[in-house]
Amino acid sequence: ITCLAMYLFAEFDDAANLLAANPDATTISIDEPVEIPKNQHSRLQEPGREEDDELLGTDDSDKTELLAGQKKSAPFWTFEYYQTFFDVDTYQVLDRIKGSVFPVPGKNFVRLYIRSNPDLYGPFWICATLVFTIAVSGNLSNFFIHLGKPTYHYVPEFRKVSIAATTIYAYAWLVPLALWGFLMWRNSKVMNIVSYSFLEIVCVYGYSLFIYIPTAVLWIIPQRVVRWLLAVFSLCLSGSVLVMTFWPAVRDDNRRIAVATVATVLLLHALLAVGCLAYFFDAPELDIPAPIIPAHNSTSKVVLEQ
């Protein structure tokens, strides 16, 4: 103990001598936490880049997402791996549907609703509901248009269900796959491009189709002008979600490529709406004449006279 006390006193004398030789030296107290000036780790931000920082997130959020991703480490051939894609509650689904119907200008849909827990539950059931809504509404619209015509005989067209399912599910999966591959390719050439995962892009496209469900019901109205106005209104709402989501991802790319990418996204989205409206609701239907039932007369006789 005596030796330890002598060693500590010697260290204290050396520190006192150094402080006396240089009174302006900076000392650090063990009891007080060291504060790092904020200007050392902050960087200058250019105007209009706040949403990029919000999209990329902070280091803490990245660590949180990394830890969340480590929990989903089940092999892809197991049921637990796919169960994580449907691990979402009703409130989250309703909140994401609300965000797709009422987009907030300047807010990124992925960062605001999807990135914390991307899911396939909402996109799958939205597409399934849209398939049956378009098929049923298309048949009802055809029935109401020809109602009262004596030469028309109503025949349900069940093939519209399979056509609608093929069109909508192909759009909801193949277009996000192509867009994800394109963003990955451009990300290898341009460092500032924000990358999305394939699941996040599928979520954006799936939830953006929700607005077409009530629109398809209103397409039953037998007024062509009203139908096209509803189509344009729905296209503007859902298209704005796609633009506000994918424009920050390609904005730092070549100007022509960025504009062409967003224009292609909008064009494919418009083709889906216009194609469904034109084929299922505004397609010219041929009047199918009612079957003629021959009258049976059992009492008629043919008399041959010679």
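Cβ coordinates come from backbone N, Cα and C, glycine included.
These come from TrEMBL:
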- 36-60: region 'Disordered' (REGION)
- 49-59: compositional bias 'Acidic residues' (COMPBIAS)
- 101-273: domain 'Yip1' (DOMAIN)
- 120-141: transmembrane segment (TRANSMEM)
- 161-185: transmembrane segment (TRANSMEM)
- 197-222: transmembrane segment (TRANSMEM)
- 228-250: transmembrane segment (TRANSMEM)
- 257-281: transmembrane segment (TRANSMEM)
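Contact counts against the transmembrane segment (228-250), taken as Cβ pairs under 8 Å, peak for 257-281 among the stretches 120-141, 161-185, 197-222, 257-281. Residues belonging to the domain 'Yip1' (101-273) score a mean pLDDT of 88 in the model.
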